[in-house]
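Enquirer: Here it is, the structure, as structure tokens.
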């Protein structure tokens, strides 16, 4: 997994921060996939400053329908089509996402030339494929808003091919089944259990990407034990009451969640435009008082999850 932050500002852009958008590069069993989380205004322009390309996107997850997380979507969808991309694209998001996209395209006389599927979600499991499982958790915001928990499936251990051959199992197609932990029958009638020849399982990585939220009980479950948590820190701790009243979190509220959930790394993002570089460093310092393993997201920052 690898994260690229395309936008890290809240509400409105600044000279150094665009609206919210995060790319997740991941490796599926058969091919690489590229997912986008939120698509604030200007997201397609941010792509131009990276080696990434909207045409490679497979899935887009929208946390909620506020403009700073959504207004870049129609333009990105249209540009993707104008560039001749044919790769199917699936959108996930709250109720109303379909209407927003369809109305924006219809009123602007636009269309897409690639298969576009729009899935309006609710809480719970929304995706479980060969490589990853994604669940949506409802958050505390004035409009319907979700956080996404992405869990990589555990990887089977290494197959001990030398021991199999020593035990008289011929190499070939059977090894693929044994590597999956399956049992196979040999030509001589013996049953071989693949699990006996596998090394330790490698636990899959876990990631939590939050939409906008004030503190809530669901947040702890969403973030529990993840390797990386991406959470808003819209305002400083002295303004926590104001942040909460608007459905947002303060720096130290987000850091306390990271601590209580036992996450590996907390990446703070979605900063109010009132904060310049020095102000954001102050937010980071406040977070690290509670949770030292905190990083400050910057536009175009790349973070590998290993």
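If you go along the chain as it appears here, the first residue is 1 and each next one adds 1.
Even glycines carry a Cβ here, placed using N, Cα and C.
Sharing the feature lines straight out of TrEMBL:
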- 64, 66, 141, 212: Zn(2+) 1 binding site (BINDING)
- 68, 69, 212, 270: Zn(2+) 2 binding site (BINDING)
- 68: active site, proton acceptor (ACT_SITE)
Enquirer: Counting Cβ atoms within 10 Å across all protein chains shown, which of the binding-site residues 68, 212 comes out on top?
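Expert: The residue with the most neighbouring Cβ atoms within 10 Å is 212.
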Enquirer: Measuring CB to CB from residue 69 (Zn(2+) 2 binding site), give everything in the same chain under 8 Å that is also at least six residues away in sequence.
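Expert: In sequence order, the residues whose Cβ lies under 8 Å from that of residue 69 (Zn(2+) 2 binding site) (at least 6 apart) are 19, 20, 38, 39, 40, 62, 63, 211, 212.
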Enquirer: List the Cα distance (Å, whole number) between residue 64 (Zn(2+) 1 binding site) and residue 270 (Zn(2+) 2 binding site).
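Expert: About 14 Å separates the two Cα atoms.
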Enquirer: May I ask for the distance between residue 141 (Zn(2+) 1 binding site) and residue 68 (Zn(2+) 2 binding site), taken between their Cα atoms and rounded to an integer number of Å?
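Expert: Here the two Cα atoms are 14 Å apart.
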Enquirer: Just name the winner among 64, 66, 141, 270 (the binding-site residues) by count of other CB atoms within 10 A of its CB.
Expert: 270
Enquirer: By the DSSP assignment reduced to helix, strand and coil, which category contains residue 69 (Zn(2+) 2 binding site)?
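Expert: In three-state terms, residue 69 (Zn(2+) 2 binding site) counts as helix.
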Enquirer: Residues near the Zn(2+) 2 site, 68, 69, 212, 270 excluded, by Cβ within 8 Å of the Cβ center?
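Expert: Other same-chain residues with Cβ inside the cutoff are 10, 11, 19, 20, 38, 40, 63, 64, 66, 211, 232.
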Enquirer: From the centroid of the CB atoms of 64, 66, 141, 212, the recorded Zn(2+) 1 site, which same-chain residues not already listed sit within 8 A by their CB, in sequence order?
Expert: 63, 65, 69, 139, 142, 143, 145, 211, 213, 247
Enquirer: For residue 64 (Zn(2+) 1 binding site), which DSSP three-state class applies?
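Expert: Where residue 64 (Zn(2+) 1 binding site) sits, the three-state DSSP reduction gives coil.
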Enquirer: Given residue 66 (Zn(2+) 1 binding site) and residue 270 (Zn(2+) 2 binding site), what distance in Å do their CA atoms have, once rounded to a whole number?
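Expert: Cα-Cα, rounded: 13 Å.
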